[in-house]
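Q: Please see the structure below; I have some questions.
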Amino acid sequence: MDARRNLLNALMMGIFSLAAVIAVVPLFAVLGYVLKNGLTSLNWAFFTELPGMMGVGGGMANAIIGTLIVVLLASLIGIPIGILAAIYLSEYDRSSWFSTLVRFTSDVLTGIPSIIVGIVVYAAIVVRTKHFSAFSGGVALAIIMIPSVIRATEEMLKLVPHTIREAGDALGIPKWRIILNIVLPTAAKGILTGALLAVARISGETAPLLFTALGNLYYAHSLNEPIATLPLNIYFYAISPYDQWHKQAWAAALVLVFIVIVLNVVARLAFRSRLRKN
Amino acid sequence: MKKKKPRASWGDRILRSASGLTAVLVVGIMIWMGWEMFISSRQSLHQFGWAFLGGRVWDPVHRIFGALPFIYGTLVTSLVALVIAGPIGLGVAIFLSEMAPATVRSVVGFLVELLAAIPSVVLGLWGIFVLAPFLGKVVEPWLGKRLGFIPLFHGAPVGVDLLNGGLILAIMILPTIASISREVMTAVPTVQREAALALGATKWEMIRIGVLSYAKSGIIGSVILGLGRALGETMAVTMVIGNMPNISPSLFSTAYSMAAVIANEFTEATYGLYLSALMEIGLILFAITLLLNIFARLLVWSVARGPKGGHLV
């Protein structure tokens, strides 16, 4: 009887360990191919030139800059809104029905498909302004990043000991200064981690940009013009019939994955040093 | 808190209302999204009514629009993903929360999070140029030879099909299921485990009795969140599913998904009704994912946010 129980135990432990091994296989399979195909296709022109006509030559300089612009724009909109909402939830209203609703809505918003955000922003901004634009792309990405910024920031603010706020109170410091000058700086590294992870997430988003940023073969000269981004280019190049563009899609994938992983690692390092300090 | 000096209270009022406003904005965004899509799909809602859901024909040239092929493709790929990623994700979660020593846990945990961080368009690229040839030349001929008598594995192997879409989705939702299940299991009180061990349970019995039964609703929630993610995933599926509005029982058949048809045809929709029909597909997708997410979040919240004390078995 006990032998059977032990056997079953060993079997289940084996299965769970195997699951962990299987789970990391696709990661290495994908990263391996991105590295292999990306490195052979990557060259200096990729970073400095505009796309070539009909799949011949050229690079993605405009898309690299475009990604930076759109992501920066989204961050400028999304991060302050996310942090402010988190301040409200953590400092002003911890447990009313309204804050529960906001928290819940924010969590649910994370699960809404990003392409839905894309068509809503299309209907709201692109249709009304009558043109695709970098600006509308930034708004779409901002909406996607807000919930994760809220969640991360709120959790960090909750970790700030209550005694710190009380100490500020005892000194007669007004509440808004306690929040801005004491609570936020204390949680700064954790908030930065959350913000960086949110930036990493939107850097790779494609679907919300299809009908907003649209893509562009040239440089965009204002936020009111369509703009090229790396994820959009990977998509367009991958489904194009040109071999040369397929190669460039791999190169772009390598650059994008590199950016995303660096953001992830930096975010985690920032968090770790915060823990060590405490 | 008592009233402060007037200048200070101005600062307070500004910060309080600014932050409160952004909180209202979050709820507002959600309502606004639903409203905007409802308005944009009015024409199609009016023209086709409920028949839109059951219509098998999608013919923009003759102004006939039915959503069934897309609903079918979305459901089948998501189910394939769930069947594969559900058990594996749960296994990973158990491994991480109950078995692995700290160093292994942080490494494997990081790798799984990294998998979640890979942009879906990159997975799609890999799906087209690596997975599709592999499926079409190796896996599907093999499956067809052995299991071809089942309609599921019948037909000519091409590699760009429902199976490829399902596999890519499985890769994408695995981290979701694994990390949320793990979060839920970590929230299970340690006394649950100690009690089971004290009664002489083996580790597996401890997990089954002490952890899984306690975390059940949260685990189901994590799987539903994974499903929600699979239903709405766009780029990777669009790139590997073949984009043909077929309804075929075979996993080797090309198909189309709701998100994919929006991605492909939205900028090509040349007249109002066409655009409106695409918007309605978006509305359906929005409604399904919204309901699934509300349900799943309630389940996860019930375990992870408010442990109501251990109920011992």
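Keep in mind that glycine also has a Cβ here, set from the backbone N, Cα and C atoms.
Among the features that TrEMBL reports, transmembrane segment is placed at A:7-35, A:63-89, A:101-125, A:131-150, A:178-200, A:249-271. Feature annotation from TrEMBL assigns domain 'ABC transmembrane type-1' to A:64-267.
A description of the local structural setting of each listed feature is requested, covering burial, neighbours and distances.
A: When Cβ-Cβ distances below 8 Å are used as the criterion, the transmembrane segment (A:63-89) is approached by residues 47, 99, 102-103, 106, 134-135, 137-154, 157, 179, 184, 191, 195, 198-199, 202-203, 209, 213, 216, 219-220, 223, 227-233, 252, 255-256, 259 of the same chain, each at least six residues removed from its ends.
Note on the transmembrane segment (A:101-125): residues 85, 88-89, 133, 135-136, 139-140, 143-144, 146-148, 150-151, 154, 205, 207-212 of its chain, located 6 or more positions outside it, place their CB under 8 angstroms from a CB of the stretch.
Here the transmembrane segment (A:131-150) has long-range neighbours at 66, 69-71, 73-79, 81-83, 85-86, 89, 106-107, 109-110, 114, 117-118, 121-122, 125, 194-195, 197-199, 201-202, 205, 208-209, 211-214, 220, 222-227, 229, meaning same-chain residues at least 6 beyond its ends whose C-beta is under 8 angstroms from one of its own.
Panel annotation: around the transmembrane segment (A:178-200), residues 71, 75, 78-79, 82-83, 87, 91, 145, 148-149, 151-153, 155-157, 159-160, 164-165, 168-169, 259-260, 263-264, 266-268, 270-271, 273-274, 277 of the same chain, lying at least six beyond its termini, place a Cβ under 8 Å from a Cβ of the stretch.
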Q: In terms of Cβ proximity under 8 Å, which residues at least six beyond the ends of the transmembrane segment (A:249-271) contact it?
A: 31, 34-35, 37-43, 46, 60, 63-64, 67, 189-190, 192-194, 196-197, 199-200, 203-204, 230-231, 233-234, 237-238
